[in-house]
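Shown next, in structure tokens, is the structure this report addresses.
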Amino acid sequence: MTASAVLDLVKDLIARPSVTPDDVDCQMLLAQRLERIGFQCETIARGGVTNLWARRGAGAPLTVFAGHTDVVPPGPRDKWDSDPFVPTERDGFLYGRGAADMKSSIAAFVVAAEEFVAVHPEHPGSIALLITSDEEGPAVDGTVIVCDELRQRGEQLDYCIVGEPTSTEALGDVCKNGRRGSLSGRLLVKGVQGHVAYPHLARNPVHQLAPALTELVAIEWDQGNEYFPPTTFQVSNLHAGTGATNVVPGEAVALFNFRFSTASTPGQLKARVHEVLDRHGLEYQLDWELGGEPFLTPRGSLTDALVSAIQAETGLQAELSTTGGTSDGRFIARICPQVIEFGPCNATIHKVNERIELSSLAPLKNIYRRTLENLLLAD
């Protein structure tokens, strides 16, 4: 197959305005193609979210490609140079919402699977795709419920490639072999409202909160490790008061977030925060939300297979990185021992005029195919 096979499929996918959680039959299109080459396809739907689990083969190892058909809203359409849902070729690029994040990755892997099966119809092991329409949104009815279903059924995943756009300057320069965890807190500090002229009759929660926050911001939570930078603490929102200048507020609210490595646990971070707040004598309520645990795939079979495929196709030695935000890899890592993320350049994701280089489509497909060969056909 030629690069046009990937391009044609990408265009079909971009033309479907699949803003979270609407799939707009993207997965039906994928399933139809996969069924023609022997995949057993299953839809797992909940809460308006569509998920596709497609598997070919019953043996081990099971190599999975994970991705999402949903896209973020395009924003003001008059800011785009062309309709975000009309795939447009211009100046060596393909424009459209989802071009980089991540419909090109999905199309490239589907065509890679078609090529691989055509040459190796009786290949060892199994190939599967896990596709959701709920990655860019709440992510509560998407990949996480498919992983729960697979766990209950006893389907053992061995390797997973998540098609997130990880490349930065050139296709193949960066892979993500892990991601930091995300832990958020909503801190409500209680005071006593009153008149600013009579502070002795009030208790200002802002004045009480400020030194505690100053201490939290200055803490070195850990030093990171070989794969992760140190854990970070960031205050994202502060709110207090009625809007009047003569009223001491009765409460103050701070929202904050940790991006943490495997060098710290959520329990350790929570305990240290509570220790600081208690020591400052605050009357408070603190609600926690764990967005995801960190995961890490050390160098091994999967990283070697992908890195060697990238080098064979592009000549680049890919960097293994754990930077960036969370992804669905955090759910898959619970049931799969080796997870890695790899896809096209990410410079325009979520932006107006999102695009991908046309010349990168064939190499992306070839890298995925070579990775399958390295994992399933190795002696």
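These residue numbers are counts, starting from 1, taken along the chain as shown.
Any Cβ shown, glycine's included, is placed from N, Cα and C.
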Candidate sharing the Zn(2+) 1 site with D101, E164 (per Swiss-Prot), from H68, H120, H123, H195: H68
E164 (Zn(2+) 1 binding site) to E135 (active site, proton acceptor) - Cα separation in whole Å: 11
Integer Cα-Cα distance in angstrom, H350 (Zn(2+) 2 binding site) to D101 (Zn(2+) 1 binding site): 8
For H68 (Zn(2+) 1 binding site), the three-state class that DSSP assigns: strand
Check: same-chain CB within 8 A of Zn(2+) 2 site center, minus D101, E136, H350: V71, V72, G98, M102, I349
Rounded to the nearest Å - Cα separation of E135 (active site, proton acceptor) and D101 (Zn(2+) 1 binding site): 11
Near-site residues: Zn(2+) 1, ref H68, D101, E164, CB cutoff 8 A to centroid: G67, M102, S105, E135, E136, V162, G163, P165, S327, G343, I349
Integer Cα-Cα distance in angstrom, D70 (active site) to E136 (Zn(2+) 2 binding site): 7
